[in-house]
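Visitor: The following feature annotations were taken from Swiss-Prot:
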REPEAT    23-48  repeat 'LRR 1'
SITE      Arg74  site 'Critical residue for GTP hydrolysis'
REPEAT    85-112  repeat 'LRR 2'
REPEAT    113-141  repeat 'LRR 3'
REPEAT    179-206  repeat 'LRR 4'
REPEAT    207-235  repeat 'LRR 5'
REPEAT    236-264  repeat 'LRR 6'
REPEAT    265-293  repeat 'LRR 7'
REPEAT    294-322  repeat 'LRR 8'
REGION    333-386  region 'Disordered'
COMPBIAS  338-359  compositional bias 'Acidic residues'
COMPBIAS  374-386  compositional bias 'Basic and acidic residues'
Amino acid sequence: MSRFSIEGKSLKLDAITTEDEKSVFAVLLEDDSVKEIVLSGNTIGTEAARWLSENIASKKDLEIAEFSDIFTGRVKDEIPEALRLLLQALLKCPKLHTVRLSDNAFGPTAQEPLIDFLSKHTPLEHLYLHNNGLGPQAGAKIARALQELAVNKKAKNAPPLRSIICGRNRLENGSMKEWAKTFQSHRLLHTVKMVQNGIRPEGIEHLLLEGLAYCQELKVLDLQDNTFTHLGSSALAIALKSWPNLRELGLNDCLLSARGAAAVVDAFSKLENIGLQTLRLQYNEIELDAVRTLKTVIDEKMPDLLFLELNGNRFSEEDDVVDEIREVFSTRGRGELDELDDMEELTDEEEEDEEEEAESQSPEPETSEEEKEDKELADELSKAHI
């Protein structure tokens with residue numbers, strides 16, 4: 001595949017006017033059949049973007065644009081125009097299916113060029129928008145642009161969107177209704193990664209039940225470092241059955257909670273032929289009973305599991321179940337459990353609270369208030385129509 005790259009050269013391109021500057025792009029100028037252009041790791045000003053735009057627009061065979069980290073050191077007023085020029089050129093590339101714009105400090109100021117491009121570029125299949133500082137308002141507008149893209153794709157019978165990588169963008173709960181609509185409108189997605197976006201339980205619930213549960217061809221889902229608690233975990237437990245092709249599930253640092261993790265593991269236990277290859281569950285307050293159930297699920301229903309991450313949870317690396325999980329992998333001749341070197345220990349106060357709760361519940365013949373609340377929540381979630 002013909003590829004042009006100046007990756008990582010740390011060039012400060014304010015304008016491309018001298019012969020030395022143009023010589024850097026000589027190969028690009030000569031190759032009309034180039035399929036991939038990599039500009040990452042350089043800083044591009046407005047006039048340089050104008051020159052590049054004029055020359056990129058003619059590359060009708062271009063398939064991949066790697067434009068991550070191309071505005072370091074640029075003032076916020078300069079970035080929108082430079083971005084607009086580059087994206088206008090990409091709109092003229094009919095085979096361009098992969099666009100990487102990560103690690104650019106767009107913030108809210110550069111949202112308009114993005115919105116215009118994302119709503120119009122129907123060949124798009126793989127979008128990388130990671131660490132762009134969007135915030136919830138700009139994030140919601142980006143989501144609406146992708147909804148418009150779905151309409152335009154359908155009108156042109158264009159290939160479906162397959163990947164959305166949009167992490168570290170402070171999307172928060174405020175944009176989740178729009179993102180849920182986006183996932184409803186792009187139901188053939190294979191990969192969704194929305195890590196570290198400050199999404200809290202109510203937003204997670206909406207995202208899962210009103211959005212991602214509709215994406216039944218999903219293979220990779222990564223929501224690490226958002227906050228689930230029992231509410232979000234219960235929604236995940238419902239949604240799991242919607243993804244029969246899921247191969248990777250990333251839930252590290254999601255605060256599933258003991259009850260939430262138990263609900264997720266219980267949901268796994270009710271599925272058949274689980275094709276997961278990677279399951280990341282670090283730092284989620286998972287307790288021993290849930291791990292025991294998970295071991296049984298892995299043994300009986302996850303024959304393809306290769307990577308399991310459980311560090312930072314509420315059980316000991318000395319517990320028998322840890323050796324039992326490793327024995328399952330050893331017997332198969334494949335599979336790996338991460339190092340359990342940072343396990344969380346319950347404080348004396350937490351242990352006393354749990355003992356008191358258990359003692360107070362055990363003699364009660366009637367349903368406790370907590371159980372009533374759990375049942376009401378389960379009933380409410382079960383009404384969600386997918």
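Using the three backbone atoms N, Cα and C, a Cβ is placed for every residue, glycine included.
Note that the structure is a prediction, hence the values are computed from the model and not measured.
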Visitor: Output, ordered by sequence, the same-chain residues six or more apart from Arg74 (site 'Critical residue for GTP hydrolysis') with a CB under 8 Å from its CB, or 'none'.
Guide: Thr43, Ile44, Gly45, Ala82
Visitor: Using DSSP, tally how many residues of the repeat 'LRR 5' (207-235) sit in helix, strand and coil.
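Guide: Per DSSP, the residues of the repeat 'LRR 5' (207-235) fall into 14 helix, 3 strand, 12 coil.
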